[in-house]
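Below is one structure, written out as structure tokens, with a few remarks after it.
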Amino acid sequence: MEQPRRWHDVFWLGTFVIHLVGLGLVLGVLGLNRFKQKNRLDIDKYTYRFMENEAGLTEDYWPLYAVAGGIGTALGWSWLLLLGSRATQMMKVSVHILTTYLAVISVLCFWAEQFFWGVAFAIGATLQFLYVISVIDRLPFTMLVLQKAVKMVWNLPEVMRVAYAFMLVVLLWMALWSFGAAGVVASSIGDGGRWWLLVVLSVSLFWTGAVLCNTVHVIVSGTVVRVTIHGGREAESNPANSLMKSLQYALTTSFGSICYGSLFTAAIRTLRWEIRGIRSKIGNNECLLCCVDFLFHLVETLVRFFNKYAYVQIAVYGKSFNRSARDAWELFQSTGVEAIVAYDCSGAVLLMGTIFGGLITGTCSGVWAWMKWTDRAFMIGLTSMLMGMVLVGIAMVVVESAVTSIYICYAEDPLLIQRWDTEFFNHMSETLHQRLQHRSSRAREVLTHNQLDSRIGELSSI
């Protein structure tokens, strides 16, 4: 019998709800002020000092965001529909084509004389290329883990329906968000003011999207772990209401922890992947290696408090976010599973798919806007890209939840994975053994190098 759960991180739950209500009112005001009539609410008298451009109407730009929402939803739903048959091919395509797509957008930006964005996308393409090169040897194991995760969620059609439902919720919120964003683009404020307002709205959308994605994460991982523990979906011991229990906990007692973790987890994870990739390719440049090692250890410390595996602990045990993150990390450290978790790149591959979906969405809206208003195309394109990333991210998080559940189950009781898929269990055990051997040899190499440097120092002083 499960014990009643306590509410955790209530402060962040209240903060998120207040932010959502307050922002909803602001978005409504910004959109209505330019809807079918310029300066309907007489807001321009507060911004007359910043007027630099001719004002437009909200309905001029809102259809462009509707296109972004439609394309993002279509991409997310298509990905979920193809999850069982073409998911692996789609993930491979997203890994290899993302660099090319970023480079093409960079060239188009230079052609349009948008040098800042051209440089930004060129840097993104370079970093993406360097990261893929640095982890190319890890991709076979990563694809195997993703295949097994897809197999796991494909056998649970109820979690797929949850993803579809949450995608509709996100789409409804984006209808209001894009209404306000279209009002900002149509406003009479100068470009500087518009960009700042759109940045604030984008940060809010990012947090809201992350909260909804991580809510799906908690629901899916809680259901997957319960089904795995009980020996499968058809097992007699498997409770019939696993999904409803996970849904209830995610939207009530654990929702504050989800809101709290969603603020920091994604940014820290992305930074960790980039630093790991750079660190593995530095070579013998000791000065640069020292600087990167400092950043690496700093980020590793942050990962102890903000990691995606915390959501599985939240789903199964109902802990607070910080305690869940700490317990998950200590579990991996004590069992050695952290070595194979660090070797796996499934989170980065899924993020590439999310970014690729966002780029397609932003490109479609941005090109249409370019044909009408050259000066506002990048505002619309970038905000549409964020909308597409959130919508596609809802689909990607279903697989990511299964991946995190696999590692948590393997760390807590490897027999759970062996009972589910013996061949996969053997492959994971072999890979873990190889990674532990690799770390041991690296540690001996560093120790020998330090002893040699110490001995040379002693001889030099003599």
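Cβ coordinates come from backbone N, Cα and C, glycine included.
The annotation transmembrane segment is assigned in TrEMBL to 12-32 (among others).
Beyond the transmembrane segment (62-83), the same-chain residues lying 6 or more positions past its ends with a Cβ under 8 Å from any Cβ of the stretch are 31, 90, 150, 153-154, 160, 163-164, 167, 171, 174-175, 178-179, 181-182, 353, 357-358, 360-362, 364-365, 368-369, 380, 383-384, 387-392, 394-396, 398-399. Here TrEMBL flags 62-83 (among others) as transmembrane segment.
What TrEMBL lists as transmembrane segment is 95-113 (among others). Through the fold, the transmembrane segment (95-113) approaches residues 119-122, 124-125, 128-129, 132, 139, 349, 352, 355-356, 359, 363, 370, 374 of its own chain, all at least 6 residues removed from its boundaries and within a Cβ separation under 8 Å.
Positions annotated as transmembrane segment by TrEMBL: 119-141 (among others).
Among the features that TrEMBL reports, transmembrane segment is placed at 162-189 (among others). The list of residues near the transmembrane segment (162-189) in space but at least 6 beyond its ends in sequence, with Cβ under 8 angstroms from a Cβ of it, reads 24, 26-35, 39, 44, 47, 50-62, 64-66, 68-69, 73, 76-77, 80, 197-198, 201, 204-205, 208-209, 212, 215-216, 219-220, 243, 247, 376, 379-380, 383, 387, 390-391, 394-395, 397-398.
Annotation source TrEMBL lists transmembrane segment at 195-220 (among others). Remote same-chain residues near the transmembrane segment (195-220) are listed as 16, 19-20, 23, 27, 30, 153, 159, 162-163, 166, 169-170, 173-174, 177, 180-181, 184-185, 189, 243, 246-247, 249-251, 254-255, 258-259, 261-263, 265-266, 308, 311, 314-315, 379, 382-383, 386-387, 389-390, 393-394, 397-398, 400-402, 404-405 (criterion: CB distance under 8 Å, separation of at least six residues from the stretch ends).
Only residues 6 or more beyond the boundaries of the transmembrane segment (348-371), in the same chain, are considered here, and those with a CB under 8 A from a CB of the stretch are 61, 64-65, 67-68, 71-72, 75-76, 79, 90-91, 94-95, 97-98, 101-102, 105, 112, 128, 131, 135, 139, 142-143, 146, 270, 273, 377-378, 380-382, 384-389, 391-393, 396-397, 399-400. Taken from TrEMBL, the feature transmembrane segment covers 348-371 (among others).
If you look at the transmembrane segment (377-399), the same-chain residues 6 or more away from its ends with a CB under 8 A from one of its CBs are 61, 64-65, 67-69, 71-73, 75-77, 79-80, 83, 87, 114, 117, 146, 149-150, 153, 159-160, 163, 166-167, 170-171, 174, 177-178, 181, 185, 194-195, 198, 201-202, 205-206, 209, 212-214, 216-217, 220, 346, 350-351, 353-355, 357-367, 369-370. The transmembrane segment annotation in TrEMBL covers 377-399 (among others).
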